[in-house]
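Features reported for this protein in TrEMBL:
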type: DOMAIN; residues: 66-480; note: domain 'Amino acid transporter transmembrane'
type: TRANSMEM; residues: 72-91; note: transmembrane segment
type: TRANSMEM; residues: 97-119; note: transmembrane segment
type: TRANSMEM; residues: 145-167; note: transmembrane segment
type: TRANSMEM; residues: 194-212; note: transmembrane segment
type: TRANSMEM; residues: 219-239; note: transmembrane segment
type: TRANSMEM; residues: 259-278; note: transmembrane segment
type: TRANSMEM; residues: 306-329; note: transmembrane segment
type: TRANSMEM; residues: 353-378; note: transmembrane segment
type: TRANSMEM; residues: 399-419; note: transmembrane segment
type: TRANSMEM; residues: 425-446; note: transmembrane segment
type: TRANSMEM; residues: 458-479; note: transmembrane segment
Amino acid sequence: MGEVVVPIEDKSKHVLPLYLPPTPVPFQIITIKDTPGAAAGVSPPPQGVVNLSELESWLPLTESRNGSTFSAILHLLCSGIGFQVLFLPVAFASLGWAWGIICLSIAFMWQLYTTWLLVNLHEPVPGIRCSRFVRMSILAFGPKLGKLLAIFPVMYLSGGSCVMLIITAGSSMEQLFNIICEEGTMCGSMSLSGTQWFLIFTCIALIIAQLFPNLNSIARVSLTGAITSIGYCTMIWALSISKGRPNDVSYGIPVADRTGMTGFGNILNAIGIIMLAFRGHNLILEIQGTLPSDSKHPSRKSMWRGVMVSYMIIAMCLFPLAIVGFWAYGNKIPEEGILTAFTKFHGQDTSKYVIGLIYIWLTISCITSYQIYAMPAFDNLEFIYASSKKRRCPGWVRAGIRLFFGGVTFFVAVAFPFLGKLAPLIGGMAAVPLTFVYPCFMWISIRKPRAKGAMWSLNLGVGSIGIVLSLLLIVAAVWKLDDKGLNANFFRP
């Protein structure tokens, strides 16, 4: 005989929707037999109503829970290291040595702490797993406020990230083509337009997406993404050291750039660059959802081991890239980041095959990141179908859903190729709160620590600082757009 905690049946609610909070009904202890079968006293769901556990077994995020600590490490590395890290030296150019290192260290520890919160909130009640950020938000803040706070950030960090990956990889593929096919060569006259490069990347990404049905199955893709992400980060800072610094490199901040509203705006934008370099919090619960869990071996233990290993590697990529990048180029570094600076100052004395390899790794990293960032969107679209049809998505529907999503992201990338210029603004509204703020208030709401106790005070303080900082980053982004303008090249990538 065994015991399990189940909610007492509520006549008005028969099923817990995947993206709605658990029905607030009391719990009771009932006895069940060890042999397979329904629990005594628990009625099966009415005919035509899908059980939550059955529904979750149909969806890409929770279809397979056979992951391991190693697969979690791969997913965390693939989702945690992105092209945003290439802009870290730009932030140092506005902050200087001391404040640059201090801000980067604080941001790293801050997001590591909020990751710990999410990992430990994944199973708020034994036997109940929140494998989706939106569901966790609804559980913490209620149906209306939870959806209001979480849906836009999660959808932006899923669909919006895929759009940015198309734009970045399309540009990277074009640069690679220009490096290999120089002027005067036979292929030099066969250059493609930006839209065509976007289309090539999208087609490659969608072909790969059709081969892997769920999040757990893309571990090999994430392995490739982790290797290439670490590869291009390491190559850039190592080559920057070996090639030496250009002449007249300075580390001082001009007086005009550090005083008045200009200086204030530059500092806030630099802090924004650092905070937006840390990504992947919208996938923490989803990655943990691929791990097995029981009372003796809860998923939080294996997930936290994966987090510690992966974030040590992430730190070994981010800190050298930021510090070496600023050392090598100082205030000469362009707004486009360290890769542009390297090709500008060392492109002539570096083999084109070496530079081409960096762009190849960057492109592959974008392709693999597309798979993991698109998975929450695939999951949400399949949930709509499965909950309405009361059955698993057939293969042709799943393929159609992924083609539809790819088409939408491609269209948005072509229509708004300047989306990267809006990243600080949208990131301040979506990525920063989701990464640095929401987990703190989720802990207070779900775990209910003692008022004015250590955990209560810490999370309230950290979350409040995050809100203020998010608002300041939004103001700074708006000011920068107003000051420098925006080249809104609609449909002209």
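Yeah, the Cβs are placed from backbone N, Cα and C, and that goes for glycine too.
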Exercise. How about the transmembrane segment (306-329) and the transmembrane segment (399-419): at least 3 CB pairs under 8 Å, pairs 6 or more apart in sequence, or not?
Worked result: no
Seminar exercise, completed: Highest Cβ pair tally under 8 Å against the transmembrane segment (97-119), stretches 145-167, 194-212, 219-239, 259-278, 353-378, lands on 259-278
Exercise. Does the transmembrane segment (458-479) reach the transmembrane segment (259-278), going by 3 or more CB pairs under 8 Å (6 or more apart in sequence)?
Worked result: yes
For this session: Quickly jot the same-chain residues contacting the transmembrane segment (259-278) by Cβ under 8 Å, restricted to those at least six beyond its ends, or write none.
Result: 80, 82, 84-85, 87-88, 90-95, 100, 103-104, 107-108, 111, 318, 423-424, 427-428, 431-432, 435-436, 469, 472-473, 475-477, 479-480, 483
Problem set entry | Contact set, same chain, for the transmembrane segment (145-167): CB under 8 Å, 6 or more residues outside the stretch | 21, 133-134, 136-139, 198, 201-202, 205, 279, 282, 366-367, 369-370, 373-377, 405, 408-410, 412-413, 416-417, 419-420, 423, 426, 429-431, 433-434, 438, 493
Problem set entry | Leading stretch by Cβ pairs under 8 Å, where the reference is the transmembrane segment (194-212) and the options are 72-91, 219-239, 353-378, 399-419 | 399-419
